[in-house]
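**Student:** A single structure is presented below for examination.
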Amino acid sequence: MVATFNLSSFNPGPFILLGIPGLEEFHVWIGILFFIIYLVALAGNSILLYLISMERTLHEPMFFFLSMLAATDVILSNTCVPKTFSIFWLGPQEITFPACLTQMFFLHYSFAMDSAILLAMAFDRYVAICFPLRYTNILTRQIITKIVVAIVSRSFCIIFPCVFLLKRLPFCRTLFIPHTYCEHIGIAQLACADISINIWYGLAVPIMTVTSDLILIGISYGLILRAVFNLPSRDARKKALNTCGSHVCVILIFYTPAMFSVLTHRFGHNIPRSFHILTANLYVAIPPALNPIIYGVKTKQIREKIILPFFSKGN
């Protein structure tokens, strides 16, 4: 009996992802919506990556960070969304424990990467607007390489321990997950052991990383606004604000639902679970789809590269 317990505890069978309990009758329609969002995210980010890689005029630090954001969004979309709409269309789906851990790692890793990239982009705009004459001297190839290494390393170091925190847990309860994807605390709650470390680490990571990133982004834009309003001409102020407009929109789209999801998860005990799960799914699906649209509309260099071929054909 002890041998059986150990086998089922530390080598759990496949988990069952249930989707959104309580909204089963709408699963097909929600699945269609997520499929469309997924296609938009995949197409938009692929176009961005292609343009930035092929157009020499876009080989600047700002667009390099933007290509990093697009690549991370592609990873995020492919990590969760295909499994999500397969659950909505085909019903509850099995996922093995290693696959669940892999999905959990890349989900949280992508979020940590996105947050760090947005901070790097805020620093890029700060240097471009506050020190325009020294921009190329400050953001050299070596500095950008160090920033990229720091972004990748930090994201890996804060998320990888979650894998070991979950692998140490025994699982002897039901392996049904009332969600569409695997996430750290959702898996830990299925364990039949103390998960205090998982809860505290899961709380400390967003506080230390996302909150610090937000504070630093806020400081950067505070300094940017001060510099902008000290510019002599109205046109110069307008141009500087337009340059930052797309980045601010992306920051709001990324952090607002994230904070809402965290706060409702921690304090919104009267909010139905189905609403929590639907919000979490929209948070995974929508930012990767909207980011390339926002940058395509708000960024002049990218807008011109997308529109110009159509006008050329028309002429």
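For all residues, glycine too, the Cβ spot is worked out from N, Cα and C.
Here's the feature list from TrEMBL:
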DOMAIN    44-295  domain 'G-protein coupled receptors family 1 profile'
TRANSMEM  26-51  transmembrane segment
TRANSMEM  63-85  transmembrane segment
TRANSMEM  105-123  transmembrane segment
TRANSMEM  143-166  transmembrane segment
TRANSMEM  199-228  transmembrane segment
TRANSMEM  240-263  transmembrane segment
TRANSMEM  275-297  transmembrane segment
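So where do these features actually land, and what's packed around them?
**Tutor:** Long-range contacts of the transmembrane segment (105-123) within the same chain, counting only residues at least 6 positions beyond its ends with a Cβ under 8 Å from a Cβ of the stretch, are 62, 65-66, 68-69, 72-73, 75-76, 79-80, 147, 150-152, 154-156, 158-160, 162-163, 181-184, 205, 209-210, 213, 216-217, 220-221, 247, 250-251, 254, 258, 284, 287.
Packing against the transmembrane segment (199-228) from elsewhere in the chain are residues 108, 112, 115-116, 118-119, 122-123, 125-126, 129-130, 154, 158-159, 161-162, 165, 184-185, 188, 237, 240-241, 244, 248, 251, 255, 258, 262: each is 6 or more residues past its ends and has a CB under 8 Å from a CB in it.
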**Student:** Note the mean pLDDT of the domain 'G-protein coupled receptors family 1 profile' (44-295), expressed as a whole number.
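**Tutor:** Averaged over the domain 'G-protein coupled receptors family 1 profile' (44-295), the predicted model reaches a pLDDT of 86.
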